[in-house]
Amino acid sequence: MKTIASIAELRAALAEHRRAGRTIGLVPTMGYLHVGHMELVRRARGENDVVVASIFVNPLQFGPNEDLAKYPRDLARDEKMLTEGGVDFLFAPGVADMYPQPMEAVVDLPKLGSELEGSVRPGHFAGVATVVTKLFNIVQPDRAYFGEKDFQQLQIIRRMVEDLAQPVTVVGVPTVREADGLACSSRNVYLTADERRAAAIVPKGLDEAERLIGSGVTDAAAVEKGVTEFLSNEPLARPEVVALRDPLTLEPVSEIGEKPVLLLLFVRFGTTKLLDNRVIAPKSARFAKVA
């Protein structure tokens, strides 16, 4: 694996492969990799001739009260993991490489980006969409890989690609989980031992929603209330968002009919906010074709 910081150098290296007709897969990350990231790499490695991973802690997606400096970083460890995963190129630019001057051009999806996490992190998804667009412009991948754990981010990127006719296929990869069901996340390292034990309640909240919907509850507010109460039984858990949404548009759902619904959870443990989600097919939808 070759580590490159320069945009020009990466473009030159990839141009040779592109001329040879090789497909390129991109795995964008902010580093401090875990097994979830490596599942993205595994998928990319199996579906492309050339795999590029990027590590860039993007200042545009951090708000004024979010500590960019404290975001965990360990480039040597990440390089070792990516090498073992079969990555061909690691693009690891500095801020001066990506943003040599203050950014005037911003990619913003104001409707999708102001919902849910965007409502409490204004500008966050504009920062994400802008840096992902810039990475797409630099790498020009055939496919790009993102985890389904950050479902809102994934849908924003999909819509951005569609609206801007960007020539890349966005591949969503199912969430990788730890032994107790907690979604793998770089944020998990911030949890204390007690908070980590308590965090096992989060995936159980998804199970509770599935149980309620499977039992015939069709009122979305009742499901959201039931899951909130379930999560609140854990003293260290502070549910911030328990929301049933349309999986494609992220618009609120009031009644659960035959279409699948998306449950999004944002639960805080101390200073750490954990995200999780599940697309749930109502019982009537699951068995509609059995006849």
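Cβ atoms here come from the backbone N, Cα and C positions, even for glycine.
Here is what Swiss-Prot records for this protein:
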- His37: active site, proton donor (ACT_SITE)
- 30-37, 147-150, Val176, 184-187: ATP binding site (BINDING)
- Gln61, Gln153: (R)-pantoate binding site (BINDING)
- Gln61: beta-alanine binding site (BINDING)
Rounded Cα separation (Å) that holds between Gln61 ((R)-pantoate binding site) and Ser186 (ATP binding site): 16
Least buried by Cβ count (within 10 Å) of the binding-site residues Met30, Leu33: Met30
Lowest local Cβ density (other Cβ within 10 Å) among binding-site residues: Gln61, Gln153, Ser186: Ser186
Per DSSP, three-state class assigned to Gln153 ((R)-pantoate binding site): helix
Cα-Cα distance linking Gln153 ((R)-pantoate binding site) and Gly36 (ATP binding site), given in Å to the nearest integer: 16
Distance, His37 (active site, proton donor) to Glu148 (ATP binding site) (CA atoms, angstrom): 11
The one of Gly36, His37, Glu148 whose CB sees the fewest other CB atoms within 10 Å, among these recorded positions: Glu148
His37 (active site, proton donor) to Val176 (ATP binding site) - Cα separation in whole Å: 9
Helix, strand or coil at Ser186 (ATP binding site) [DSSP, three-state]: helix
